[in-house]
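Enquirer: According to Swiss-Prot, the protein carries these features:
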type    : residues : note
MOD_RES : SER123   : phosphoserine
MOD_RES : SER136   : phosphoserine
REPEAT  : 50-90    : repeat 'WD 1'
REPEAT  : 147-189  : repeat 'WD 2'
REPEAT  : 235-276  : repeat 'WD 3'
REPEAT  : 544-587  : repeat 'WD 4'
Amino acid sequence: MGLIKKVTHWSYDNLIDYLSVNPTRDEVTHYKVDPENESDESIIKLHTVKDFGSITCLDYSESEIGMIGVGEKNGYLRIFNISGQNSSSPASHAPVGLNANNETSMTNASGGKAAQAENIVGSVSNLKDTQGYPVSETNYDIRVRAKKQRCINSLGINTNGLIAMGLDRNKHDSSLQIWDMNYHDDSHETINPMFSYCTNESIVSLKFLNDTSVLAASTKFLKEIDVRSPNPIYQHPTRLTYDIKLNPFNDWQFSTYGDDGTLAIWDRRKLSDQASLGDLNVASPLLTFEKLVGSGAASRKYMNSCFRWSCVRNNEFATLHRGDTIKRWRLGYYCDSNRDIAADDDNEMNIENLFVSSVHDTNTMYDRVATFDYIPRSNNGTSLICMRQSGTIYRMPISEVCSKAILNNRNSLLLSNFENTEIDEIRVNNEHEKSNLENVKTILKNLSFEDLDVSEDYFPSGHDEPNNEIEYSELSEEENEGSNDVLDSKRGFELFWKPEKLLEKDISVIMRTRASLGYGLDPMNTVEMIDSSKNLQNNAYIRNTWRWIAIAKASVDDGTMVSGDLDLGYEGVIGIWNGINGISNQDRYRQETILSDKQLNKEMEKIIKLRRKNRDRNSPIANAAGSPKYVQRRLCLIISGWDLSRSDYEDKYNIIMKNGHYEKAAAWAVFFGDIPKAVEILGSAKKERLRLIATAIAGYLAYKDLPGNNAWRQQCRKMSSELDDPYLRVIFAFIADNDWWDILYEPAISLRERLGVALRFLNDTDLTTFLDRTSSTVIENGELEGLILTGITPNGIDLLQSYVNKTSDVQSAALISIFGSPRYFRDQRVDEWIQTYRDMLKSWELFSMRARFDVLRSKLSRTKTGVLTADIKPRQIYIQCQNCKQNINTPRTSSPSSAVSTSAGNYKNGEAYRRNNADYKKFNTGSSEAQAADEKPRHKYCCPHCGSSFPRCAICLMPLGTSNLPFVINGTQSRDPMQTEDSQDGANRELVSRKLKLNEWFSFCLSCNHGMHAGHAEEWFDRHNVCPTPGCTCQCNK
């Protein structure tokens, strides 16, 4: 088995030294590697020493550059300088200094690579000389053996010249022999050991820990030996003793393996602690990996296992498997809770508790890899140098996986590789269009549930549904024609799966873009925004949901869903259908009111009459007039938008046919029970196919009263399962069996359409079953359009929870839920969504949108009696009176606490004294006229507590806060002289009105305390720098 070993402390340039032993174990090669060059050209072969017997071990000196030791199976140890100009052949057997004329076995790269190798050798030697590093230019070659010649299993060289040999067992000679090369007699090939240990044992592995300590392992024991002591510091019985390797980042830890390939990681502190207690059975490895390096690993002991500690990252090692896979293991650790970590040194942290945090597999570039080692690169990067079983050396880069991946609040992805100080960023740079909410026209004046859209998300057969997902503008027309080929090609993969594209279409980016456009602050504006914005995930169900909310809000605002003590705002179909049970868990009526089913029906009838006022139409459910739930059914039809008259039918048909959707118009005619109208609609279509279908449907008029089965019914059933258009399918399904459930079971038909059919034609029992079953389905699936069924109620919150779990669209959930909570009910999930969305708006720095959201929430929480149910945070800034130091926005109070807080000067004023002194009010009860005068509202330009006038404006001398000023304060806002009030639209006029109102607000200088109207301050400091108050030299604008 071959060997590659990284050499430390030899190179003082930017190159790294490596020593290798070929798989046949008969030659040693010295390489230099450029760590920053990933090509195989970076591997430069400098020297190769051949003609060894069977190499069993190899080590090098960290202090003597070029000095290596090679142990052989025949018991000889050869020590020579591999970096010298000439490396001797082992056949000479000559001492140091006598082999200058011997033949050198050196293999250099041919051509330019050979010249490069020669330059490197010379440059490195000169560089070391100039920097003062000792370099031995003497070529030496020493061959020695133990007194009892036997196989050398392991070898170690420390920085002081001590050489340790681990030998096979011998009854009369020690197996661990340590000798000093500095005092060796070159005329003898037998060594004279200075220290000897482990008689009648076979040492299979050893490693110098420092100048005096060595870690040795026999086939049965692990031992730490201090050469200054005749006895080991400890010896631990174990069979996991082969190939000791120290952790380069923590020399307390080392690894070994056993004959069956089981790998163990040890901590010397743990072994020494147990030895000091006299208990050898308690000590155990920190981690054990069963058969990790393969069974029969001990038979490969003459080199080393396919195990390497990482020299780049702490707590990482790599293993080779099957010659084609390298696994990189990363360890984590946790400390004992009863130990004070701060008291430990950095190198002595309590890491006895290790665990595997992650494992990453890397496939080798070529198969039949025999061994490998790490190549450290700058910035904590790494690659691998590998040797195949043929002896070929090649370099393999490693694609670093991300140890940290964090998305920021703008959905840019930050990536960090391991402990790399550099951070990669995938930034989302797409700039979406901006929108001004004031420019979106609303049509809420006459909006009602009957105005729900008829288009929805239907696309007739033969037409492609527009894709609201990722738009691929890079595709040309030719590429569109061959889209299948593009998808299968590499270019197509890169095109459709760019990280930037994926991040742009992530829900967090979509939510941020929606928020910047004012999404959800006004339902009808939201519908218009969805229609005009092409870059968002504007699914039809989102649009239809917001349109229903807009109509429900208009009904709440104009009071058409309120009757007496009953408020059915934003209530869904199933809540109304279930009556008292449907609204019992909500605050729909006053708490002191006991509402019965009979009273509820009366209130619902009042709501129906109020909504049907000035509407002359017949009831669409005359066949259910005798039902005990007739009132609920009629109100459910209103809520769902299906309370239509005959004239409304015709308008709906014309709108749908104008859009070219004749199939849908015919299906709506069937939903209204008008089969002849459906035939007429399809017969008027331009497509011959639809006219033929109209002929087939016309057979219903002839066969509807015939009992039994016939060929026409069979053909209709067949077409109902074979046609692609869902509306044609339900038409044929219904006329074949005259069963409305065929329409209700069709999932391709929208929920609102199926709901309209059920409310019109099902009896009470079947309708209850349908509503319960459908509501359970939409809640479980998180179908947002199902809010028309559940309403914004506790059941609706369950639906929104499923929707959030499916889409992560917490924005829509928060904005929708505030229409019902906390006005009608409270739910902790709503509070969590609201807080999450507020935090998101703050992280996106959309503070104005967050303020609008808070204002909208407080408005929607106000009940019909004017009570705010939301927990509104109090204002943090207010204006206080300079006289009494109280908030001028709070109403005056007659409590004793207010009297205490009022300044002493106010008590001299008789009016203030009478108002605030409780004793005076107690005894002076006869002064009714004074009390009546005291209860009169004060002017807006004086303090409501003490009656002091507000400061006057330094420009106009009018008291600040005065309403209905006799002049207009324009401020410094520029206005187009050609633009008149008539030419401005409603939104601009409202904006100008708000600006003029803002110009009348208070404005104070914090230095001189002089005040002005905000608009007057703008006008004054647009031309001046000094305060307008006479005698004041304050520069207020600075």
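Keep in mind that glycine also has a Cβ here, set from the backbone N, Cα and C atoms.
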Enquirer: List the helix, strand and coil residue totals of the repeat 'WD 1' (50-90) as derived from DSSP.
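Expert: The composition, in the requested order, is 0 helix, 19 strand, 22 coil.
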Enquirer: Please list the DSSP helix, strand and coil residue counts for the repeat 'WD 2' (147-189).
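Expert: Looking at the repeat 'WD 2' (147-189) with DSSP, the answer is 3 helix, 19 strand, 21 coil.
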Enquirer: Could you please provide the mean pLDDT value for the repeat 'WD 2' (147-189)?
Expert: 91
Enquirer: How do the residues of the repeat 'WD 3' (235-276) split into helix, strand and coil according to DSSP?
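Expert: Secondary-structure breakdown of the repeat 'WD 3' (235-276): 9 helix, 22 strand, 11 coil.
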Enquirer: Could you break down the residues of the repeat 'WD 4' (544-587) into DSSP helix, strand and coil, giving a count for each?
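Expert: Final tally across the stretch: 23 helix, 5 strand, 16 coil.
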